[in-house]
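According to TrEMBL, the protein has these features:
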TRANSMEM  12-34  transmembrane segment
TRANSMEM  46-63  transmembrane segment
TRANSMEM  72-91  transmembrane segment
TRANSMEM  103-125  transmembrane segment
TRANSMEM  146-164  transmembrane segment
TRANSMEM  170-188  transmembrane segment
TRANSMEM  195-213  transmembrane segment
TRANSMEM  287-304  transmembrane segment
TRANSMEM  316-334  transmembrane segment
TRANSMEM  354-376  transmembrane segment
Amino acid sequence: MQRSKDSFSDKFDWTLCLLLLIFCLISCFSIFSAQKEGASFLTSQIFWYVIGSGAVALCLYFDNEQFRKMTWYLYGFGLFLLIGLLILPASNFTPIINGAKSWYVIPGIGSIQPSEYMKIFYILALSKVMSLHNEETIYKTIKTDFILLSKISLVAFFPIALVIKQDLGTTLVLIAILAGMILVSGITWKIILPIFSGIAAFASLVLYLAIFAREFLKKYLGIKEYQFARINSWLDPEKAGDDGLQLVKSLRAIGSGLVSGKGIGNIDVYIPERHTDFVFTVIGEEYGFIGSSLVIILYFLLIYHLIRTAFSATDAYSIYICVGVISMITFHVFENVGMTIQLLPITGIPLPFISYGGSSLMTNMLAMGLIFSIRYHHKSYMFSSKSY
């Protein structure tokens with residue numbers, strides 16, 4: 001078949017562009033309402049959206065083959081930055097913020113959180129490992145599936161090991177990405193089902209012990225009392241004292257919005273750092289159930305569009321990238337909204353494209369840049385029934 005010559009307008013993903021523009025407007029309005037008088041969070045967020053848009057434009061110049069060639073360099077660079085946080089002493093360059101040394105502070109730029117960018121490098125690395133293995137494997141057997149699982153585990157181990165102590169939220173995101181990509185890796189369910197069942201059973205056991213038998217965890221796993229604070233604040237925030245205060249106020253703020261909300265700028269409930277991880281409470285208080293539901297529907301539309309992109313991709317590497325991005329965005333939304341309404345524990349995971357934060361926003365924009373690139377370099381053919 002003859003390759004069709006599409007114009008930029010035909011190849012560019014205008015639907016995704018529109019969705020991101022709407023998220024940008026929601027983010028700006030929410031952060032403006034949440035920021036304290038004299039703060040410049042809105043200006044910074046707009047700045048990072050501009051930089052993120054530039055990153056998306058840059059991604060359009062690279063196709064999947066070029067990303068494949070860069071994958072290990074990016075993955076290695078991400079590990080290098082994470083290792084640096086572990087070995088460098090606390091200083092103005094690597095400060096301890098909120099009890100964790102997770103940021104580099106660069107004069108003139110601000111704080112950069114390597115674990116956020118590592119999510120993208122991690123997705124690229126897993127995608128390359130899976131696609132290369134499946135391309136090289138002529139006959140699939142239990143043995144070849146175990147070999148693939150070993151390769152995947154090796155790639156996943158290092159980032160997770162480097163962030164698990166300092167950043168529980170990012171660790172959970174990396175695990176969610178890993179789980180989503182394993183499901184589509186081609187590994188037989190005879191291997192996947194027992195592993196996933198075992199992990200689910202172990203997680204349930206740990207949660208049970210954390211609630212009803214904490215002395216066991218203290219004695220045999222060395223868990224400290226302060227580490228149970230988040231569980232206490234999740235299960236019974238009103239009795240958890242200061243640890244549960246943020247969740248109590250979150251529930252109060254969202255509940256006070258009722259059906260239609262209080263209106264723009266009418267915020268009565270004070271929540272610390274509301275413009276970051278708890279920005280959804282601004283939406284709930286100002287726009288009520290209707291506004292909150294519309295934002296969630298918007299995320300569903302985004303995820304649906306990403307799924308369509310995955311189905312229309314013509315190579316395994318691009319499909320795996322799409323699945324990794326879908327897993328990341330879905331888990332972020334599910335966890336962030338869930339923690340503000342007490343469905344899930346507070347983990348410090350931001351709301352994609354809306355929460356304030358340069359590293360988080362740049363990571364999400366880079367993820368969208370990969371999707372834009374897949375769409376832009378998508379090979380379409382004349383007389384093809386396959387459409388986007």
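Start at 1 and count along the chain as shown; that gives each residue its number.
Cβ coordinates are placed from backbone N, Cα and C, and glycine is handled just like the others.
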Inquiry  = Looking only at the recorded stretches 12-34, 146-164, 195-213, 287-304, 354-376, which one has the largest tally of CB-CB distances under 8 Å to the transmembrane segment (72-91)?
reply    = 146-164
Ask   = Which stretch from 12-34, 103-125, 146-164, 287-304, 354-376 shares the most C-beta pairs under 8 Å with the transmembrane segment (46-63)?
value = 354-376
Query = Which bits of the chain, at least 6 residues beyond where the transmembrane segment (170-188) starts or stops, bring a Cβ under 8 A of a Cβ in it?
reply = 115-116, 118-119, 122-123, 126-127, 130, 134, 140, 142, 145, 148-149, 152, 156, 159-160, 163-164, 196, 319-320, 323-324, 326-328, 330-332, 335, 347, 349
Task = Test the contact criterion for the transmembrane segment (287-304) and the transmembrane segment (103-125): 3 or more CB pairs under 8 Å, pairs 6 or more apart in sequence, then answer yes or no.
result = no
Request  = State the residues, same chain only, that lie 6 or more residues beyond the ends of the transmembrane segment (146-164) and have a CB under 8 A from a CB inside it; answer 'none' if no residue qualifies.
outcome  = 75, 78-79, 82-83, 86, 102, 115, 118, 122, 125-126, 129-130, 133-134, 137, 170-171, 174-175, 178, 181-182, 185-187, 191
Message = Give the nonlocal contacts of the transmembrane segment (103-125) in its own chain as ranges (CB under 8 Å, at least six residues past its ends).
response = 44, 67, 70-72, 74-75, 77-79, 81-82, 84-85, 92-95, 97, 155-156, 159, 163, 166-167, 170, 173-174, 177, 181, 320-321, 324-325, 328, 358-360, 362-363, 366-367, 370
